[in-house]
Amino acid sequence: MQLLEERILTDGNILGENILKVDNFLTHQVDYRLMKAIGKVFAQKYAEAGITKVVTIEASGIAPAVYAAEAMDVPMIFAKKHKNITMTEGILTAEVYSFTKQVTSTVSIAGKFLSKEDKVLIIDDFLANGQAAKGLIEIIGQAGAQVVGVGIVIEKSFQDGRRLIEDMGIEVTSLARIKNFENGNLNFLEADA
């Protein structure tokens, strides 16, 4: 997605050897116009897939996921990273390790929001090692629902996340694919949409 790649080049900050900071339009402050455009691209890509739910994980996946859900006219569900006292029964959970934060979290979704009839599109802000997507795939599987695809805003293609998901037989659609970070710059691969 050219608009997204241009925004990354303009406003993204490279930290260290493999961290891209995009807090001024995605991970802290949200550019809703860009998120709306991202949502439309995912909706067009999966228009014929019969998506019934969009699922993400809190927090930075929520903005692109809600706009994708709006464009598809389906509900959006986000997995919670912290135990909530109001979620007391029928909870679907998975362990997710965050390489960025160096912690393992138990993420959860109330089972009443997913059923075996659902066709789910997972949306997330980043794909690196694939652990967040893997955890969501596990949760959706516990409900007996079908994961149709995984939509990613920014993929770090030099890490193993895409391979992990595709090895499960699930399609990955990334709107910006980073080949590498080199001398304080980044290089893109061709995006999926």
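From the backbone N, Cα and C atoms, a Cβ is placed for every residue, glycine too.
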Binding-site annotation, Swiss-Prot, xanthine: partner of Leu20, Thr27 in Lys156, Lys179: Lys156
Distant-in-sequence Cβ neighbours of Ala132 (5-phospho-alpha-D-ribose 1-diphosphate binding site), under 8 Å, six or more positions away: Ile57, Gly61, Val96, Ser98, Val107, Asp124
Residues flanking the xanthine site, with Cβ no more than 8 Å from the Cβ centroid of Leu20, Thr27, Lys156 and excluding those residues themselves: Gly12, Ile19, Lys21, Val22, Asp125, Phe126, Ala128, Ile154, Ile178
Rounded to the nearest Å - Cα separation of Leu20 (xanthine binding site) and Ala128 (5-phospho-alpha-D-ribose 1-diphosphate binding site): 11
Proximal but sequence-remote residues of the same chain as Thr27 (xanthine binding site) (Cβ under 8 Å, at least 6 apart): Lys21, Ser60, Asp125
Proximal residue to Lys156 (xanthine binding site) among binding-site residues Ala128, Asn129, Gly130, Gln131 (C-alpha distance): Ala128
